[in-house]
């Protein structure tokens with residue numbers, strides 16, 4: 001069986017963006033899940049930053065994972081992947097120069113596309129954990145990412161959060177990233193189709209939507225007409241794996257069945273309340 005090169009996988013992802021359809025990602029978090037996703041016919045996968053933090057550190061999504069740790073996991077996936085994989089590269093692990101290093105390392109790992117978001121990460125002293133960087137810095141990061149890539153087929157996607165700012169600010173940011181040369185725009189926190197339409201009508205590059213299964217955004221044909229090519233529903237496969245592991249080990253120990261959900265198990269073993277308390281105590285981070 002022919003195994004596509006990393007460049008060929010990137011070209012395959014570009015073809016998805018150039019199509020008129022909407023595709024749903026598989027959540028891939030290790031080589032086995034990447035192989036399963038490809039075998040089941042998924043057109044692309046995504047290595048989420050939150051999932052990588054759970055898989056590598058058993059830690060919540062507080063920007064604790066390092067670039068090296070993330071790249072190591074991406075490399076393991078890239079070694080066996082037979083489908084294009086998107087890397088959720090968070091904020092690029094620092095400033096614009098750090099973004100350049102991030103692009104170099106993830107390209108070498110075999111990633112087909114990556115997202116760079118404009119959230120102020122990691123959380124800063126005395127600031128809200130949901131604050132965004134200024135548009136100018138976000139533009140600088142996208143320009144730096146484009147400069148750093150060697151394979152022109154590698155897709156650079158600018159990500160912003162439509163839930164944290166008003167629609168005019170979202171339009172301002174996404175237009176700026178589009179003008180800076182981003183290959184696509186990733187939107188998180190879109191409420192419904194009216195919200196999406198207000199943003200999408202100003203853009204001419206492909207859209208990626210993180211919906212977390214939002215029932216208000218489940219019409220794939222309508223999404224496709226608005227320019228959405230990639231949809232991320234979340235990472236149910238990973239959390240199902242946590243639940244299955246817990247239940248299996250409980251059974252091996254002779255324990256009675258548990259009714260804890262996958263989400264509850266994740267919180268039970270990653271201690272998010274402790275991290276939140278440390279952020280308040282040592283950094284005066286505002287909720």
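Cβ from N, Cα, C; glycine included.
These features come from Swiss-Prot:
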BINDING   50, 159, 235  substrate binding site
BINDING   88  Mg(2+) binding site
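Structure with Swiss-Prot features highlighted.
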{"residue": "50", "record": "substrate binding site", "CB count, 10 Å": "19"}
{"residue": "88", "record": "Mg(2+) binding site", "CB count, 10 Å": "21"}
{"residue": "159", "record": "substrate binding site", "CB count, 10 Å": "25"}
{"residue": "235", "record": "substrate binding site", "CB count, 10 Å": "22"}
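Distance between Cα atoms for residue 50 (substrate binding site) and the residue listed as 'Mg(2+) binding site': 9 Å, as a whole number. Under the DSSP three-state reduction, residue 50 (substrate binding site) is assigned to helix. Distance noted between the C-alpha atoms of residue 159 (substrate binding site) and residue 88 (Mg(2+) binding site) is 10 Å. Spanning the listed substrate site, residues 50, 159, 235 have a farthest Cα to Cα distance of 18 Å.
Reduced to three states, the DSSP call for the residue listed as 'Mg(2+) binding site' is strand. Across the fold, the C-alpha of residue 235 (substrate binding site) and the C-alpha of residue 88 (Mg(2+) binding site) stand 12 Å from each other.
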